[in-house]
Structures are given as structure tokens and as C-alpha cells.
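> One structure, as C-alpha cells, below. Some questions next.
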Amino acid sequence: MKRYRSNGGSNVRRWRVAGVAGVAVAMVGVGLGVAAAADTAVPTVNCASVADKLPAVPASAKAEIERNLALLNTQIQEANARIVSTQGQGGANFIQNAILGPLKDKRFATINRMETAIGRTAAKPDLNAEALAPCSLNANGGGNAAPEPAVVPSAAAGNNAGGNTGNGAAAGVATVNCPAVTINVAVPAQAKAEVERNLELLNTQIKEANARIISTQGQGGANFIQNAILGPLEDKRFATINRIETAIGRNAPKPNLNAEGLSPCSLNQNGAASAAQPTAVATAAAGNGNGNAGNGAVKTVNCPAVTIGVAVPAQAAAEVARNLELLNTQIKEANARIISTQGQGGANFIQNAVLGPLEDKRFATINRIETAIGRNAAKPNLNAEGLAPCTLNA
């Protein structure tokens, strides 16, 4: 009996073990099935395509656009991975608040960067970032959104290297339109190099303005170009034209080149080329600027000679000679000042700024001559009052 009970108990135990094992296998199978079902039911993000909204992409922006398209794909992949890793966390709005909301902000910034990249060398597009940034969910694990393409076709690049030499900016980008500065007088040879440098500077200023229009495409409001580019350009041109007038005026009558009228620039629409500023000038023959002989058409001072009508003591000879030479130096300096200030001041400028101070210097010098002689002889009256004033050689 014990043997049979023992055998029977053993059979029962074997059946129970087998039964438990079978149930365990069955439960494992169910668990695997549930897990698999959970995996396939994980939602994925569903985002609108951006690449098909792009206009023709300038070649200079192609690499940046492709980097940002790839970034949009990366952002979606990261969002999907976060959905999987946070399954079961948070409440009903967890995915919306923790994943889709931040994803929207990232996409908005990325799409904006793409607009800006294109806008640097072409008309800035509106890709509608507000509408393309938000993503929804593919329910029941409906698969990932179609990835953005990694390569985009590019438009032919504009030739921007020429600046103001006949080449326009990228297609559709406005360029500056400035009036030519015409030198309508003969330029003194002494001023030729300076005048040509400033004419070339006018070209450089136009090139820089065109480059700034390209680099700031899409920035600011309706008056951005006027306030940030054309306004400063007008100020630079005004100063440059004034320098040209002054350079000519040092050795000839100062011309009026109409800086007020020639400084402002407008815009060429649709990328029309900026007109080039001619830089070659005709020159006049240089005058003789030595001493008191004058310099071409520029007036020179005309001073009466100081004659020593008495015998000069030997002790005073050197001092008298120095002061007579000083009178010559004063005349040379006055002539040089007339040249360097040509065109400055009003009708009385030379009288007040050159001849007046010269008279004072001559009066003092003639007085010193009288005093030097008077130390060792009778002091003469050389008529300083009458000999000090000078006039102009017309």
C-alpha cells in the first residue's frame, strides 16, 4: 500500500509539476504577446514635410539648407525615441507637453533658419513655419513620418563678385543706384591721385552697400534698407565728394560738385547692376608754387619791399639779415595758406585769416629791425605802419 501510495503520490506530483510548467509556458507566451502588442501600439510623431515647400535654393545656401533638413529628421527620431522611453509616464497630456511641444519649438527655429539662409542671397521665402512646426501622433504605432530628403536642388548662383562693376546681385535682390560724380573742372596735377582715390572709394562704398543688402536680406521692416544702408551710404558719399572738392581747391578754385544732390542713392529692383563710377580725371598743368611767385590761378600775396635806408652797424648786421629773411618766409607761408584753404570761408576769408595775421607779423619784424639798428646807432623809422600791410596779386 505504501508503495502504491508512494507511486501514486509521485504521479500526482509529476502531473502537478507538468501542469505548472505548462501554465508557466502558457503565461510566458501570453506575456510575449502582450509585450509585442504594446510595442506595436506605441505612437510615433507625424510631422508635415518642409522640403517640398522650398523655393529654388541658391547654391550658396544649399549646404545649410540640407543640414537643417537633416536636423528636422533628427528631431523626429529623438521625439520617437523619447515616446518609447517614457511609455506609461505622466498623464494624458504627457506626450503633448513633454515631447510634441518642445518638438514644435525646435522645428519652428529650424524652419526659420532655412528662410534666413535662403534670404542671404535671394528673396527671403515664407515657408509658413507657424503651420509646419506642429506635429501630431500616428496612433497605434502607425510608423514614422516620411523623412525629409537629404539633398535639395539649388538655383544657379548669382555673380556677386563684381559689386559696382556691372555685375548684379543674386537674382531678385535689389542693388544701389547712385548718380555718377562728374569732375567738370580741370584737376590740378597735385590733386590727381587724391581725387582718383576718392572716386574709387565711391565705387567701394557702392560694393559694400550691395553686399550688405545681400547679407541682411529679410531683416528689419519696410524701411530697413533705407535706414541701415542707403542713409549711411549717403553720408559717406557726401563726405567723399567734399574731399574731392577740397583736394582740387588746394591748388585751384574750389569747385562745387553738388555733393547734396549726388550723395543720395536709390535702389535698382530685381538685381539690376549698379552703374560704375568713372575714376579717371583730366588734369591741368601744375602752377609754380615757389616762394611768392604764385601757383597758377591761385592768388598770391603782394608785399612792399622793406628797404634799409641807413648804414647798419656791424653788430646788428646778422640780426637785421635774419629778420629780412623772416619777411620772405612769412610771405611764403601766407601763399601756402592761401593754397591749402582754397574755397574755405567767405569773401573776406583771405583778408581775415591770411593777410591780417601777415600784417601783424611784418609789423613786429620791421620793428625788430629798427630796434637792432638802434642798439648801436640812431634808431631809424622804417615806416612799419606803411610797409606791414600786403595785398593780393590777382
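Positions of Cβ are set from backbone N, Cα and C atoms, glycine also.
Sharing the features that TrEMBL gives for it:
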COILED    62-89  coiled coil
COILED    192-219  coiled coil
COILED    317-344  coiled coil
> Given a Cβ distance threshold of under 8 angstroms, which distant residues of the chain, six or more beyond its ends, lie next to the coiled coil (192-219)?
115-116, 119-124, 160, 163-165, 169-170, 173-176, 178, 181, 183, 225, 228-230, 233, 236-237, 240-241, 243-244, 247-248, 265, 274, 276-281, 283
> What mean pLDDT does the predicted model reach across the coiled coil (62-89)?
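Here the mean pLDDT over the coiled coil (62-89) amounts to 91.
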